[in-house]
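Peer 1: Can you read through this structure? Questions will come right after.
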Amino acid sequence: MYCCRLGAEWLRSKRPSGKGSPGAGQQRAGVSQCMPRWPRRPKASWPGSAIVWPAELGQELLKWNGWGYNDSKFIFNKKGQAEFTGKRYRLGGMVLPTFKEWIEKTFGASLEHKTTSRASLNVNDVPPPIVNEEFLQDLRATKISYSQDAEDRVFRAHGHCLHEIFVLREGMFKRIPDIVVWPVCHEDVVKIVELACKHNLCIIPFGGGTSVSSALECPEEEKRMIISLDTSQMNRILWIDEKNLTACVEAGIVGQDLEKQLAESGFCTGHEPDSMEFSSLGGWVATRASGMKKNIYGNIEDLVIHIKMVTPRGIVEKNCQVPRMSTGPDIHHFIMGSEGTLGVVTEVTIKIRPVPEYQKYGSVVFPNFERGVACLREVAKQRCAPASIRLVDNAQFQFGHALKPQVASIFTSFLDGLKKFYITKFKGFDPNILCVATLLFEGDREKVLQHEKQVYDIATKFGGLAAGEDNGQRGYMLTFVIAYLRDLGLDYYVIGESFETSVPWDRVLDLCRNVKERIVRECKEKGVQFAPLSTCRVTQTYDAGACVYFYFAFNYRGISDPIHVYEQIERAAREEILANGGSLSHHHGVGKLRKRWMKESISDVGLGMLRSVKEYVDPNNIFGNKNLL
Amino acid sequence: MKCYTPVIYKGLSPCKPNAIKSAVLQSEQVQYVIKQLAKEMGESPDIIQEEAMEILDEMGHRMQLGAVRFFAFTLSKIFKQLFQRVCVNEEGMQRLQHAIQEHPVVLLPSHRSYVDFLMLSYLLYTYDLALPVIAAGIDFLGMKIVGELLRRAGAFFMRRSFGGNRLYWAVFAEYVKTMLRSGYAPIEFFLEGTRSRTAKTLTPKFGLLSIVMEPFFKREVFDTYLVPISISYERILEESLYAYELLGVPKPKESTSGLLKARRILSDNFGTIHIYVGQPVSLRTLASGRISRCPYNLVPRHLPQKPSEDIQEFVSDVAYKMELLQIENMVLSPWVLVAAVLLQNLPAMEFELLIEKTLWLKGLTQTFGGFIEWPDNLCAKKAVLSGLTLHSNIAGLVDGHVVLNDKGVEDGAVGEIVFRHALAVLMCATYRNQLLNVFVRPALVAVALQMAPSFRKEEVYSCFNFLRDVFSDEFIFFPGISLKDFEEGCFLLTKCDAIQTSQQEIYPTDKGSGTVSFLSAMFRPFVEGYQLIFRYLSKEMKEAFTEKQFIPAVRNFVFQLLEKGSTQCYEALSSDMQKNALSALVQLGAVKKKKTPNGFTYNVNQEAVGKILDMFDARIPVQKPVAARL
């Protein structure tokens, strides 16, 4: 059994003088399994495919008003060329010569029109906390660390929806948590939930804070004290069972730490959502997360063996750790996707696998999107999908292309030119229609090569041409840096967001076309002056359908209320998805952003079933984040 | 030779007619039905597949540019012979051009003549627009050469009825949808289903409309544009043919020799054609918020599915909306006004008075939103005169009086006289009819005012509502908005000072009594005609009958009355009115319609018909209190 607590570093030199906290030294003196720690944000960075590690310690690492690490961002350098700063990502320190032109061409944006975010949080704007003194007294007695500091509270008042970031840059939330608590173990959580029940307070669990469904926003009308329960200090791997290939992990651990620590023992979970640098295991469970490599490792529901959750009624868990059981409806499925409305997930037993021996990227160019989708469908039919296979449409292909760093040698650029010539002139692909599938193979070297051949053979049948590892790798890099790009866009009047759905195979093409068209049309109707970027990729394949991911962004110069316009368009796009037979969400979840469609999605009775569970488990609505139902 | 490079739909994947045919045959939809039928009938799928192929061959078009050019050439010669002018709204053509590039387009012209679709194709060709594929009745195929030529000009053919034949339906529907989805060409068909013999818009048929709407419901296309097109003729080519047909002289079968005989009319003058291409209506906009998406999401899209009730209702609403748009945009010539005045002043009317009345009616029509083509600066006298010249076969000027032209009246038997006169009246009515749908709301209020026992609003409304129900097949009403129609009628009448309304009452003004009586006289032929027909049904039809038995019987009945001189309602001879009256009774529940192996039979509930008759006759007070909103 391992008991490691790597990476739980002190991230800030500045120690918040937590009002009413009984002094840090005193707390730390009480060393026990539940040693309270000063809480901070995620730590080291996940090496992943495109990322360099480790992170430096001892400072505030994350942006307060945007995505990701402070030191990583897109900027325009003195020459007016785009550049990605920092050393965490492969793209770090590189100049992207064509990016500026792309951004100007795509959005009609110009470097002269700039907006600037507030430099720092204005503490005076922050709503004053609601304080329940009796609770505070009880809490102090538990020696669980907490903070009522404004910055800590604001940091946990939001996820990463566009409107939330916009509020951070230019306004203030109407309601934020009143106190942040940092339990360090399951027992701490039990105590906090008990106290909240005793004093009738509201708890909102907080993991990595990467939600894109307004799930972390505090309901404005909540009059009770809101406790933000930050799980980040519950980040240990409790044990690893090599015989059964399982690991029991505290739910607050973030994805990259989990993989890093498992890697030390030669294992991995293989669960890699795009947010894995920052999102937590508990968050994955609570939202039914999906990982890029689900074709090999499965989605969260396939990975989870056992869950322990603390609810106002008590603790819910199964009595054994088995691969499957027939004991009525699976209680895990009440927990997975409950989005923090029922309780706090504290410990999860998850499947692990030996770290794969070999990884290989790849890419295939198709003459058009239709052929590409047909190829993916065939790959899914033959059940030979690689760890990841994604098909990006033409706009996204060009997007990825714009992020190509300056090439070092003349030879490479000559080679690129040659490739382009071959594809467009010799093979007759139209550069404004063609699309690209990116591939990631994983496993034994031999099997990977064999597998690769099989997939490329299928691709050839659909008119596909192998287009090299480099294109593939860049495609995956895009998903990690796209969130950083939004922050850059915000500086230049460009707002955007991504959203996703799942859809049966036969409707994939129609859905993609119609949703993109709807976005363009809605933009026009809502008075957006510039043509939007409206692009999609088929990002996961299943037997019966696919997961489709959209990016949507536009230049809002000339619009007085861009967020409102944005939200109207996003809603229209979701309506379109539903009308095309797509789901409300494949993996982002419902939160508060998509609640209005729940009834339609799961029927009245279905909603009633969920409600009755909520009523039994949490009759006083202690977990009152108002998500989902 | 003209350079013809039409703009095309942006999502078009170019393909040949044959490729479309094989795509249809191989489609999941058709294959599914073939397999189903094979299973049910115990036959091999190949045989049924062959059958499907035959259907497809019979139906399919073979659009070829050469044929189109040939057609365009001959048509331009013929049209120049027949018509003085063809007027088109240019901005409508431009809108259409945009629409064609954006989304699949469905053209929905009004149908008054065979010239309709020839003219429309010719027009689109002239304007360098994609030629439509046209759903035409299969009887055209009987015409040698011409049928083939039509086919090559883009017509595809449908059997008039194929209700029971699932294979035919599947193949046909898929053929239409494939052309729509691929954006191959605009699809054109007639909502009215057949040429209106009376120039009055017929109630819509829903089958084809629901087929072309389905790709949107299933989101196979982003949107579909429906384009209402109103084609009006100053003089309808088939006018006398129609009148004969309405009086029961059978319609000649379409044949090439018939067409050649029609050459005689080439020397005749048929005046001006007005084509108004309406604003393309986005189906997506119409459907927004109306359609539950569930039924389409839960069943594979290739399975044939009976449309749900709300879809059926939606299709019906759209159909009526399109027809109302056609009516709104229909250009009315001065002659239409003349005919309406003349019919109220038979047998003869002083010329000067006719001019005066026509001018008055022009103002009224414009108040009611009618779209009159009255050339600038043309004085009323000239307008009336030119109308009389063009329609000299219907009416003429004798000694300063305008009379109907019923040649041979003096020297015939009584029956012959009645028949001749009826012919003239029906032909004249064809022109007056073009006004009716514009006038129907205020006019039915006017009729109701005269029928109602008092001027109390709810009693007038009750009468209005009754008339609207009775005439639901005769005129075009948007379904289910009786109250709104009533309010609109009242509003229009108030606008022309014909009535005044108070909190509880509606009453005619002194000034407006002329208008009210004119309006009710305008619709009197229908009120009287329906009464005659109802009376016949309630007295004579004791046993079950078919429509084929009913029409000649009721015609004889009316004929005898006319001969005796006990009625003057010649229009009751019209088989159109007779059918409409019968179907109104079916809808009101006074006649039972039953399906038998030999078609439909009808059974009259004498008592119920009697009650309806009483509603016309007696000023009975309202039974039910009506909506408080009044």
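A Cβ is built for glycine as well, from the same backbone N, Cα and C atoms used for every other residue.
TrEMBL does not curate its annotations; it predicts them automatically.
This is the feature table in TrEMBL:
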| type | residues | note |
| --- | --- | --- |
| REGION | A:14-37 | region 'Disordered' |
| DOMAIN | A:173-355 | domain 'FAD-binding PCMH-type' |
| BINDING | A:205-211, A:287-290, A:339-345 | FAD binding site |
| SITE | A:R390 | site 'Important for enzyme activity' |
Peer 1: Could you state the whole-number distance in Å separating the C-alpha atoms of A:A289 (FAD binding site) and A:R390 (site 'Important for enzyme activity')?
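Peer 2: Distance (Cα to Cα, whole Å): 18 Å.
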Peer 1: Could you state the CA-to-CA distance between A:S211 (FAD binding site) and A:R390 (site 'Important for enzyme activity') to the nearest Å?
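Peer 2: Each residue's Cα considered, A:S211 (FAD binding site) and A:R390 (site 'Important for enzyme activity') end up 23 Å apart.
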Peer 1: Please report the Cα separation of A:P205 (FAD binding site) and A:R390 (site 'Important for enzyme activity') in Å, rounded to an integer.
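Peer 2: Rounded to a whole number, the Cα-Cα distance is 33 Å.
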Peer 1: Could you measure between A:R390 (site 'Important for enzyme activity') and A:G340 (FAD binding site) for me? Cα positions, answer in whole angstrom.
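Peer 2: Between the Cα atoms of A:R390 (site 'Important for enzyme activity') and A:G340 (FAD binding site), the distance comes to 31 Å.
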Peer 1: Suppose we draw a 10 Å sphere around the Cβ of A:G208 (FAD binding site). How many other Cβ atoms does it contain, all chains included?
Peer 2: 25
Peer 1: Reduced to three states, what secondary structure does DSSP give A:G343 (FAD binding site)?
Peer 2: coil
Peer 1: Long-range neighbours only, meaning 6 or more apart in sequence with Cβ under 8 Å: which ones does A:G340 (FAD binding site) have?
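Peer 2: In sequence order, the residues whose Cβ lies under 8 Å from that of A:G340 (FAD binding site) (at least 6 apart) are A:I204, A:P205, A:A215, A:A286, A:F623, A:N625, A:N627.
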Peer 1: Within 10 angstroms of the C-beta of A:P205 (FAD binding site), what count of other C-beta atoms is obtained when all protein chains are considered?
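Peer 2: Taking every protein chain into account, the count is 28.
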Peer 1: When you measure from the Cβ of A:A289 (FAD binding site), how many other Cβ atoms are you left with inside 10 Å?
Peer 2: 27
